[in-house]
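Asks: This is the structure I want to talk about, given as structure tokens.
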Amino acid sequence: MTKSASTSTAFEAGPGRWEVIAAILMGGLAVSQVVAMPLLATLVASAYGMGESASGFIGLANLLGTAAGSLAVTICLQRLPLRGSAVSAAFLACVAQFAVALMPGFQSALLMEALAGFGAGVLLALSAAIVGSSNDADRGFAFILTLQAIVAVALLLAIPGLSAEGSLLPVMAFMACVQILLIPIGLALRGKPKAAEMGGQGVKDAKSLRPAVLLKAAAYFTFSAAVGVLWVFAGALGLSAGLPDTVIGKALAVGNVAAIAGSLLAAVITSRFGRIGPVIVTGLFIILSVFLLTPGMSVGTFFIASCLYLFAWGGGLPLMMAAVADVDTSDRVTSLLPVLAFAGMGVGPALVSLGSETGSLFHQVSLTATILVVISIILFGRAHSMWTDRPENQT
């Protein structure tokens with residue numbers, strides 16, 4: 001009863017139509033760094049004379065920066081001036097992204113990637129907070145997902161042409177131009193958040209951090225890390241197999257359409273087939289895509305592998321988010337899931353980069369992604385059994 005009343009209060013004091021539209025546009029455009037990372041990571045590493053395995057550190061810097069920005073908003077949301085925060089974050093993301101091409105060394109480029117990611121993370125978290133407090137959050141998030149896929153397709157098709165001459169500057173200038181659009185969008189937000197105090201939310205459920213909740217969150221983090229491995233290194237693996245940039249970009253663009261299909265399917269099935277079964281299936285899809293990514297793969301095989309793991313990404317993450325929300329009575333852990341996702345997508349590629357001396361890149365990617373998927377399924381299964389075995393959940 002308290003939750004219903006508080007939700008109603010939040011809706012009445014929620015954002016207006018134009019602010020929601022601005023938040024949707026912000027969420028769609030702010031993800032440009034993340035969706036372009038398979039190509040950007042390889043380009044940046046190559047431009048600074050680093051090996052392909054160094055792509056993982058580019059992904060780590062950007063995605064951990066994104067996670068940090070999202071976490072900062074999660075902690076300080078009620079005190080943030082929305083318009084000022086959005087415009088400042090957009091300016092930071094734009095300038096830092098362009099500066100990646102101007103740095104004197106690889107370490108400086110990593111710092112700029114982290115700063116660009118921080119700005120993007122702030123924008124993504126603000127977008128989610130605004131849309132989530134609207135009257136039709138489900139539809140708003142669906143529009144964000146659709147726009148993100150459109151942005152991903154456009155970037156993945158455009159970047160190979162801009163990088164044809166081997167220069168990083170045109171690519172980063174293009175990325176900065178895309179993100180500069182976020183500045184006028186940020187101006188559409190109100191100066192300060194409306195006080196939509198959630199009645200009863202100040203009293204936290206002392207039992208919210210049960211082991212089952214934490215294990216499912218850990219499974220979500222590990223699953224994100226596995227997906228991050230394939231996402232960041234997809235471009236490098238394609239190049240190592242002799243595939244041209246344009247083919248890689250098209251394959252990843254098609255894969256993003258598969259990701260939309262996965263998300264829509266997850267929205268349709270929800271918990272109709274239980275929680276553990278669909279998660280296992282998405283994990284198996286990722287493992288299957290890993291086996292298809294080999295040094296001698298054809299163009300068709302690369303397309304299939306890209307579609308498989310991106311379909312699993314689009315379907316697996318929302319399924320696991322819903323599973324965490326089911327057992328998280330206070331929503332404290334659920335609110336941190338975007339942070340865990342970005343952090344996992346950064347940590348996974350870094351594990352490949354740290355162990356790159358032990359074998360070929362294909363071997364390291366396949367081994368790391370497979371182990372992470374298996375760990376994720378084990379953690380999720382254990383958490384699920386712990387929750388269903390509780391006396392109050394048995395009938």
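Backbone N, Cα and C define each Cβ position, glycine as well.
Got these off TrEMBL a minute ago, pasting:
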- 20-48: transmembrane segment (TRANSMEM)
- 54-77: transmembrane segment (TRANSMEM)
- 84-103: transmembrane segment (TRANSMEM)
- 109-131: transmembrane segment (TRANSMEM)
- 143-162: transmembrane segment (TRANSMEM)
- 168-189: transmembrane segment (TRANSMEM)
- 217-241: transmembrane segment (TRANSMEM)
- 247-269: transmembrane segment (TRANSMEM)
- 276-296: transmembrane segment (TRANSMEM)
- 302-324: transmembrane segment (TRANSMEM)
- 336-355: transmembrane segment (TRANSMEM)
- 361-380: transmembrane segment (TRANSMEM)
Asks: Taking 3+ C-beta pairs under 8 angstroms (sequence gap of 6 or more) as contact, is the transmembrane segment (276-296) in contact with the transmembrane segment (84-103)?
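Replies: Between the transmembrane segment (276-296) and the transmembrane segment (84-103), contact is absent.
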Asks: To the transmembrane segment (361-380), which of 54-77, 168-189, 217-241, 247-269, 302-324 is linked by the most Cβ pairs under 8 Å?
Replies: 217-241
Asks: Can you work out which residues elsewhere in the same chain, 6+ from the ends of the transmembrane segment (302-324), have a Cβ less than 8 Å from its Cβ atoms?
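Replies: Answer is 213, 216-217, 219-220, 223-224, 227, 230-231, 234, 238, 241, 243, 247-248, 251-252, 254-256, 258-263, 265-267, 270-271, 275, 278-279, 282-283, 285-286, 288-290, 292-293, 333-334, 337, 341, 380, 384.
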Asks: Taking contact to mean three or more C-beta pairs under 8 angstroms, with sequence separation of 6 or more, is the transmembrane segment (84-103) in contact with the transmembrane segment (217-241)?
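Replies: Judged by the Cβ rule, the two regions do not touch, with the required three close pairs absent.
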Asks: So, do the transmembrane segment (217-241) and the transmembrane segment (20-48) meet, by the test of 3 or more Cβ pairs under 8 Å (sequence gap 6 or more)?
Replies: yes
Asks: As a test: from 109-131, 143-162, 168-189, pick the stretch that has the greatest number of Cβ pairs under 8 Å with the transmembrane segment (247-269).
Replies: 143-162
Asks: What stretch in 20-48, 54-77, 109-131, 168-189 has the biggest tally of Cβ pairs under 8 Å against the transmembrane segment (143-162)?
Replies: 20-48
Asks: Quick one: do the transmembrane segment (168-189) and the transmembrane segment (54-77) have at least 3 Cβ pairs under 8 Å, skipping pairs fewer than 6 apart in sequence?
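Replies: Contact between the transmembrane segment (54-77) and the transmembrane segment (168-189): absent, because fewer than 3 Cβ pairs are under 8 Å.
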Asks: Same chain only, please: residues at least 6 beyond the ends of the transmembrane segment (109-131) with a C-beta under 8 Å from a C-beta of the stretch. Say none if there are none.
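Replies: Tertiary neighbours of the transmembrane segment (109-131) are 15, 19-20, 23-24, 26-27, 30-34, 44, 48, 57-58, 61-74, 77, 80, 82, 85-86, 89-94, 96-97, 99-100, 103, 137, 140-141, 144, 179, 182, 186, 189, 338, 342.
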